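**Q** Sharing the feature lines straight out of TrEMBL:
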- 6-117: domain 'Acyl-CoA dehydrogenase/oxidase N-terminal' (DOMAIN)
- 122-225: domain 'Acyl-CoA oxidase/dehydrogenase middle' (DOMAIN)
- 240-388: domain 'Acyl-CoA dehydrogenase/oxidase C-terminal' (DOMAIN)
Amino acid sequence: MTDNLSEDDRLILDAIGKWLNQKVKPVAMRLEHDDEYPHDLVEDMKELGLFGAIIDEEYGGLGLSASTYSRVVTLIAEEWMSLSGIFNSHLMMATIVQKFGTQRQKEYWLPKFATGEIRGGLALTEPNAGTDLQAITTRAKRVGDKYVVEGAKTWISNAIQGNCVALLVKTDPSAEPRYQGMSMLITQTKTAPDTDDHLPGVRNGKKLEKLGYKGIDSGELIYNDYECSADLSLVGGEEGKGFYMATGGLEIGRINVAARSVGIAKRALRESVAYAQSRKTMGKPISEHQAIQLKLGEMAAKTRAAELLVEDAARLFDLGQRVDMEAGMAKYFASEAALYCATEAMRIHGGYGYSKEYPIERLFRDAPLMCIGEGTNEMQRIIIAKQLVKRNPV
Ligand SMILES: Cc1cc2nc3c(=O)[nH]c(=O)nc-3n(C[C@H](O)[C@H](O)[C@H](O)COP(=O)(O)OP(=O)(O)OC[C@H]3O[C@@H](n4cnc5c(N)ncnc54)[C@H](O)[C@@H]3O)c2cc1C
C-alpha cells in the first residue's frame, strides 16, 4: 500500500523494496540458518538511512512519520524479520534521547545514531526482572559529575555487535513507589560497533542461543565500576524518570513490533496462496479443497485487520495523540495474527512447511517472539483494559 504517501516516502519505500529483492532475498535464508550477523546488509542499511529512520532531519535522520516507518518495518520483516530488529532496537534508544533528552544530549548522540556510527539498543531486562521492570537491581551511583554503574542485563538485542545502550537503572533503590527511583542512562559500551574494544567497566556475557530471530545478536551486558558522564548520560538530566521513559514513552516500540508481525503474517499468507495453487492432491490444487480455503480466508482476514490496526495506531501517533491503547491493540492483535498465520502456513505446506528449504519454518520460529517483545501479550491486554476504563469513567 502506498496511499497517502509523500513523494519522498514513496522513493524511500521503493529503494528499500529494490534492496530487499536484490541484496537481502538471495542471502537471508543462509544467514538465518547459520545464525550469522549480516555485516554487509548492515552497511547497506546505514546507506539507506535506516538507523536514522525516525530521527529528526535536523539531527541527520530521515524524520519518517510513524505511518511510513511502520510500512518500512513491515516490508523488511516480510523478507527477513531479524533485519528489522537491528535498526528498530537502535531506534528505541534514539527515540528516548529525541523525546526526553536535553538539548546537549540530542546534539551529541542523535547525529551519531542517525548515521549508524554508534549503534545499539534498549537494555531493560535483567535475569530476574522482565515484565516486572521495577524489580531491576542494576545500580547507578552519582559520584561528582559521573555515574558509576554496577549490574547485569540480559536478552539485549544488539548488545554484542552494537556499542551503546539506553540502560534502565536504579538511582535510588530504596524509593517507594519503586519506579520513582529509576533512571535512564545512555551508556557507550565499546569504542565502535562490530569490535571487541570495550570501554573500561563493561563487558559482554554470553551470546544467547534462541529458537528464531537469528542473525541479530541477543546478549548479556555486565557493568562493574563502569563510569559515564552524568551530563551526557542521564537522559533528560533528571533522576527518577526512567520507568516512564522505558514504558509509557515508547508507544512507537509497540507499533514497530506490530508492524513486524504484519510482515510475518503477510509473508505466511503470500507463500500459502502461491503454494496452495501449485500443490495438487486428489487431482486438483489444494486451494480448491474447502479445508484449505477456510485457512486462507481466516489468514487473509486476520492479516488485513492487523495491518489496519497498525495503520490506525501510527496515524493517531502522527497526530500527536497518546496511543497506549491503540498501539497495545495493534501489537497484541498483529502478533497473534502472525503466530496464527505462520502455524496455518505450516499446515498448508504439509511436510514442506517443516523443511528448511522453505521460509515457513522460519516464520514459525520468528512469530512467537512478537508475542513476547515490547511487553508480553498478557500485559498488552491488561494495558488495553486499564486504558479503556480510564477513558470511560462512570
Ligand atoms: C529474542 C529476544 C529479544 C529481546 N530483546 C530485548 C531487548 O532488546 N531489550 C530488553 O530489555 N529486553 C529484551 N528481551 C526481553 C523481553 O523483553 C522479556 O523476555 C519480556 O519482557 C518478558 O520478560 P520475562 O522473559 O522475564 O518473562 P516474565 O516477566 O517472567 O513473564 C513470564 C510470564 O508471566 C506473565 N506475567 C508476568 N507478569 C504478569 C502480570 N503482572 N500479569 C499477568 N501476566 C504476567 C508474562 O506475560 C509471561 O507470560 C528480549 C527477549 C527475547 C526472547
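Note: Cβ is positioned from N, Cα and C throughout, glycine not excepted.
Automated prediction, rather than curation, is the source of TrEMBL annotations.
Provide an account of the burial state, proximal residues and distances for the features listed.
**A** For the domain 'Acyl-CoA dehydrogenase/oxidase N-terminal' (6-117), the model's pLDDT averages out at 97.
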**Q** For a three-state summary based on DSSP, what are the helix, strand and coil counts in the domain 'Acyl-CoA oxidase/dehydrogenase middle' (122-225)?
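**A** Summed over the domain 'Acyl-CoA oxidase/dehydrogenase middle' (122-225), the classes give 7 helix, 51 strand, 46 coil.
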